[in-house]
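*Asks:* The feature domain 'Cytochrome c assembly protein' is assigned by TrEMBL to B:88-294. TrEMBL lists B:314-638 with the feature domain 'Cytochrome c-type biogenesis protein CcmF C-terminal'. Among the features that TrEMBL reports, transmembrane segment is placed at B:6-28, B:35-61, B:95-113, B:174-194, B:206-228, B:248-265, B:272-291, B:351-373, B:393-412, B:424-442, B:448-468, B:492-515 (among others).
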Amino acid sequence: MTMPQAVRRKGWSRKQKRLGIIVGLGVVLTLAAGLVLTALRDQIVFFYSPTEVVSRGVQPGQAIRLGGLVKEGSWQREGQANTFIVTDGATEIVAHYNGILPDLFREGQGVVAEGAVGADGSFDANNVLAKHDEKYVPREVVEALKAQGEWRPEAGNP
Amino acid sequence: MSIELGHFALILACAIALVSALGGLVFWRSGQRLAGVLAQSALLQFVLIAVAFLALVQAFATSDFSLALAANNSHSLKPLIFKISGVWGNHEGSLLLWILILVLFGALVAAFGRRLPADLFNLVQGTQSLLVAAFGGFTLFTSNPFARLVQPPLEGADLNPVLQDIGLAIHPPLLYAGYVGFSICFSFAIAALISGRIDQAWARWVRPWTMLSWTFLTLGIAMGSYWAYYELGWGGWWFWDPVENASFMPWLAGTALLHSALVMEKRNALKIWTVFLSIITFSLSLLGTFLVRSGILTSVHTFASDPTRGLVILTILAALIGGAFLLFALRASALRQGGLFAPISREGALILNNLFLATAVGAVLVGTLYPLLLDALTGTTISVGAPFFNLTFGALMAPLLLILPFGPLLPWKRADFVAAAQRLAGAAALAIFLTILVSSLGGLSISLAPLGLLLGFWVAFGSIAEVIERSRLGRVPFSESLRRLAGLPRSIWSTAIGHLGLGLTVLGIVSVTAWETENVTTLNPGERAELSGYTVSFEKFEQVPGPNYMADTGRFIVTAPSGGTTELDAERRTYVASGMPTTEAAIATYGLSQFYLQLGEPIDGTHVVRLWYKPYILLIWIGALIMAGAGILSLTDRRLRVGAPKRATKSVLEPAE
């Protein structure tokens, strides 16, 4: 093993070293905190029920997750262009999705769509989520339905 | 009858643990005689919990549905292996498995730790027993796995079909062995704080336990990731799901602990920080286990949704973690610091490692808990998804990977950065060359891909640079090089191999992220689809009955660009008892790359088929396996087996290596 040849004798004093380490730690932690806060501001996605989309005045173009039930009889398909209505019992929003919907997408069942509200007030989804367990409804959807008094687990809903 | 025996054994184990905890923590000064008693108690706890656990296994294996747990979670048609793994595929059973591993580690310390100073041994066993008593009590009073049914049903309600997989037999035991193994580090930390004595011998004891747990956790997480990849049918291997984060945070903290314990063992520095990390790591393990189990998060891992249980869990956690930190706040100043060093030194590099890893834990923790807190406090529901974690975690890992190869090359105490950089010049040149080569050949889809590739190659080559240099490969005859390699200490090998594994994992992640291709299409039998030069032909579609499910099976033939063909079956299963569907993806492996095919639901008579080509994805898990292998190699080090637990008399200044 080779020893480093020139270890500088006149290095920092002990105080300076300690100060250097503390400053270094501070810089990294500050950067990390800044990073986390920026990411939290820009990368988090709010989850809204159709009622909340209307009541909170969600801006067109803002990325959100829309959750609720797919309204019975509302699903229309033309090739891969899908249109369906997301409802929480009180408010309905028309959603568009281009692509193949997940397996467990069903009318009358819970759905979470990622995307943004368009200029005409309908929802453009770029991703539709469904889980593989038929009993499973996203917790957010359950909460949204409970808030609207539409949660009826005894009726096999959803 | 055996059920009642198991129940009784669990109660007895808890009672013994409670007595041990009181004895160990209050009368820890009593010396060897108490140590002998506590050691026997630890072994006895293990035997009793093993009896309790085997009673459950027997009830599940024989489909005894008079046991409520078996009736709710098992089915007589299940294959035997899934009946047995189903024991921990539910809240109560998984708690008992958790406790079984806890007492196993306690018994291991009792068996191998007899040369520990008696004070330390008593405190460690006392703390360990306290944990057994707390979680055993929780199990008995809120989640009794031994409850009987007055009117047993004829058939069980079956296990969640997603869990009916060989993965359930492997993933939870490995993961728990990792989680719970950190309890030993926690107990050692508590012992150090109470006794006020901590030295290099302490670190020499803690490090192998950390290494063992870390190895299990690495394997458990890798196994869980691969299981999710092939079973869930989404083709993804990591989702930054809160449940995954819950296991990843202890891993990150445990990795930091491994490195800081190294500094403490060699240089007697970073004492307070190492104790702090020991507490943090196990606290994150506890948080992980019970965040997942409490029903706060919805996922396939969630079994309990009884809110009273969640509250009790939180109370136990608050008491244990809060107590530990209170003790830390009161006693940490009593631990004397030692071992001075310059900023540029191996200690300095390891501190940077710890800084970045600890900050990464913080970032992941914020991303995981922030939505829960916001929901609880304001009722606003948000999702903090992959973009958040990719940005923050990625930004923190990049500098860590950049400095990683320097660490092992820097001597202790003070070092010459330029000298280390010179020794890495070859690795850097090779990494840059390969990155440019791959980038120009592969075509870029994400701008960060070359940077990721560069880091991956850099870590992989940089970590074996020292080994190659020490072998003097090319400068001395080849046989001489081999002889030199064989003579290298295992610690150098395990460091190099562990870091190499990390580099390979990074390369796999970058490759899949940047060059994965996907094709979602509709196919009928007889039709073909193409993706990245691979041709898939849909041969036939048929219904095949399984032991406890009906399967819609699609037979596909994949033709590789080289001309070789592979037959694949992709299934959609519907389980008889629960009516729940699952998908079984079909995967063809070509070298380190995989072709992934999932059969979707029939729509209007045609079938949705999802195809993915995943270049070099296997590197992700192979890298993890290599990391775990390095952990095992490090555990076989001679230093650990021979004469290790000797208390350092006076802190003698060691000369720099």
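Just so it is clear, glycine is given a Cβ too, placed from its N, Cα and C backbone atoms.
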*Asks:* Have the transmembrane segment (B:448-468) and the transmembrane segment (B:393-412) got at least three CB pairs under 8 Å, pairs 6 or more apart in sequence?
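*Replies:* Touching, yes - the transmembrane segment (B:448-468) and the transmembrane segment (B:393-412) meet the threshold of 3 or more Cβ pairs under 8 Å.
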*Asks:* Hey, which bits of the same chain come close to the transmembrane segment (B:492-515), Cβ under 8 Å, at least six residues off its ends?
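*Replies:* Distant Cβ neighbours of the transmembrane segment (B:492-515) are 237, 401, 404-405, 408, 442-446, 449, 452-453, 455-464, 466-467, 470, 592, 614-631, 633-634, 637.
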*Asks:* Grab the same-chain neighbours of the transmembrane segment (B:393-412) for me: Cβ-Cβ under 8 Å, and only residues 6 or more beyond its ends, written as numbers and ranges.
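*Replies:* Apart from its flanks, the transmembrane segment (B:393-412) reaches 266-267, 341, 344-350, 352-353, 356-357, 359-360, 363-364, 420-421, 423-424, 427, 448, 451, 455-456, 458-459, 461-463, 465-466, 492, 495-496, 499, 502, 506, 654, 656-657.
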*Asks:* With Cβ-Cβ distances below 8 Å as the criterion, list the same-chain residues six or more beyond the ends of the transmembrane segment (B:351-373) that contact it, or say none.
*Replies:* 240, 242, 245-246, 248-249, 252-253, 255-256, 259-260, 263, 270, 273, 277, 280, 284, 291, 296-297, 381-384, 388-389, 392-393, 396-397, 399-400, 403-404, 407
*Asks:* Considering every residue in the domain 'Cytochrome c-type biogenesis protein CcmF C-terminal' (B:314-638), what is the mean pLDDT value?
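*Replies:* Reported value for the domain 'Cytochrome c-type biogenesis protein CcmF C-terminal' (B:314-638) is a mean pLDDT of 88.
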